[in-house]
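Encoded as structure tokens, the structure appears first; notes follow it.
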């Protein structure tokens, strides 16, 4: 039984408490409440993450000890493992589904789905999303899409195996690879549901941020989390429909005999009727989403990290306006750089020049962000909570991974490192590991808000340090494998002797990968154990200024029991001193929540 | 039975973790707070771990450069490749410099300013001058790289055909490569997959007289010092022709002809003689000998001794045997090339045989 607040547009002037018994289904399954939906997103995302990471461990084992027999392959891969040796087509399937799951299901839905739902209403002072119903629909479409994607693992000819970029003709022709039959069909259907879910969710986020901000919450008083999530939703709305169109055209090529992407093909002893299409068109359509997608993944992580870093450094985020400007610049540029995935695709080299230019431009706002984070730490009073450690880890991997982007974004240099392990190392550090760190930092930080309990900090420390070491252990040496000229998506590099000297590095990488995967069990244990038995949280455990910490620990529908809070200041008044520079604005307390009016003893900042 | 075993294992694992968490709880000193929020002691411990991690990170970076630096590709064997190597060196130098400084600052600040009782953080929200500086520095550095990169890109991609140029078609299919030379008329005959039949595996148009003297081979020979333009054609799915030693790559797209060109500067023999390649081949042969001992113990054949050859790899996922789609490349002196070419069968001779 819970107290339900009548939703009211003018901030709850006529509240009316009444008892309403929610059934189990209303509360936990088809919930309209953004806090519950956020938990649903998180847990679904974590489950998909476990599957995705397990897959990577499997193919890493194959790469380190190619052609050797492992009982785990027999146990998990069934007929795709003969005597415990992984089948080459299964290797490609694992790589494909690992990529798909991690990019879309974990880092898009799991990350921005969880935190957009949790934080947008709570941090802008709204009672819920603009449309609770659409919010529920978006989660359930996501759920359906997960189910379809996972079911594709069990079809006879294997799941989609043309890489997560599903370039036709490989993805269009079941004759070319088994996974392009039923497996690919299910992949496309699953993605169609996924895109619908993202578009609905994105519209909801945008409308909520624009319309439901509480009194005083101007756009320049929004926490950076909300800015990042808001802009992410806009990019998603611009680019996801294009992926849907690519998927639809591909479905037509596959099933209805059209030739959007196919031309002049002779396969399995016969000439196909397709004539006049171009795979390069598909590449353009795919990367028109595909590149903004990496920013859809990383921007929310940036937002979370900015917020967590300021809170734990007990300092305002350095250059708040520059941070917003760089989010906007990155978002804008992200939509005009897609061609850097296609320098050697056969498109006109002149286009390559243009995309080199725009791509290297994007390094500028990224550099500004990195410098601003580092400066935020300078002369702080850093509270080393697990969330803070993951945030620092984020900045570290973002810089390491981001720098190599300057090489890949340069069309000349891309010629020789394109599609090698150098690319794999680059994007895993800059958007894979970094975004996962952002997600984990967010979970540690907002766990008290989500579940009313605290996660165990010691397990958090163990989790962070082992993950941090293992993640670098996997991906730093991998750059060298790429620079040695080894192409990615190779079932084994021992088919010819030239790369034999890479065997040791591959073993090292795999060992670190297994350690990294294994230590996530510590996190999962901590997460699920703390939901039920964690230490009870206080209302504002991290002494934070933002509005979500003014709500009661126990979740109520409508978030605030009384009137909505009114906002008087920006979200980063940490360690602000009074006019005499003697004490903090509120004596003895190093933070001023957003809902505290400007005091006589402080200077007003521009926010 | 197996199911039961799995259930028992899962149950035992569960119990293990339950017990582990108890140990973690018990192992906490009694004076620590149990709010699960970092206290003074945590801040200090974690800051020290941060320092240790910094040592690990720099150690890993130096070790990788030292130990894995030798795995990198040898100096380029093509003319434009030297520009590529130069630009790569400059970019890498810049990146490593920035990496070393920023990682140091990040981790050092994280250590130095760790929370302490009584420490006050500095309220430092903005500084236009600083932000201007670190906007303008990347702008200048990147402008330099962009200009250098674009000039090189234009040079590499603008292919001019002269009398001297050798035009070669590279033909890709699941899972192998073929090369087609234009022959004496220096013109590649027309081709389309619709003409594929019998020995005419590349679908040459027999009605086009230019096809007659075309030469189709499965080993690519290139004369040293002569510019080559490759025309790429695929029979089925996307492939990518990757010549790592020549700093060259182009996707092979069904339905269109893509192109790339380079001038080889080192013959296969010269490359084999470089210190780099001698060392590399020696290392590989040592590994192969070790593996051979194992193989012989199992009653299998020992591995042959490895000798370096240039190769062309497929670098776009193209199906189950993608990992083994390659073609040998031989770069040789002009006269050796001519001698080899004269031994090859023309398309006319090939089709006449049937």
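Heads up, residue numbers simply count up from 1 along the chain you see.
Heads up, the Cβ atoms here are built off N, Cα and C, so glycines get one too.
Per TrEMBL, the stretch carrying the note transmembrane segment among A:132-155, A:156-179 is A:132-155. If you take every residue in the domain 'Cytochrome oxidase subunit I profile' (A:24-568) and average the pLDDT, you get 94. Tertiary neighbourhood of the transmembrane segment (A:505-528): same-chain residues 46, 50, 53-54, 56-57, 60-61, 63-65, 440, 443, 447, 455-456, 459-460, 462-463, 466-467, 469-471, 473-474, 477-478, 480-481, 493, selected by CB-CB distance under 8 Å and a gap of 6+ residues from either end.
Most Cβ pairs under 8 Å with the transmembrane segment (A:421-447) belong to A:459-485, among the candidate stretches A:41-61, A:186-212, A:350-375, A:459-485.
Here the transmembrane segment (A:318-338) does not lie next to the transmembrane segment (A:186-212) in space: the count of CB pairs under 8 Å, restricted to residues six or more apart, is fewer than 3.
The recorded stretches the transmembrane segment (A:387-409) and the transmembrane segment (A:186-212) do not share 3+ CB pairs below 8 A when only pairs 6 or more apart in sequence are counted, and are therefore not in contact. Residues 108, 112, 115-116, 119-120, 123-124, 166, 168, 171-172, 185, 188, 191-192, 195, 198-199, 201-203, 205-206, 209, 258, 260-261, 282, 285-286, 288-290, 292-293, 295-296, 299-300, 302-304, 306-307, 317, 320, 323-324, 327-328, 331, 334-335, 571 of the same chain, all 6+ positions outside the transmembrane segment (A:224-252), place their C-beta atoms under 8 angstroms from a C-beta of that stretch. Between the transmembrane segment (A:132-155) and the stretches A:90-120, A:186-212, A:285-306, A:350-375, Cβ pairs under 8 Å are most numerous for A:186-212.
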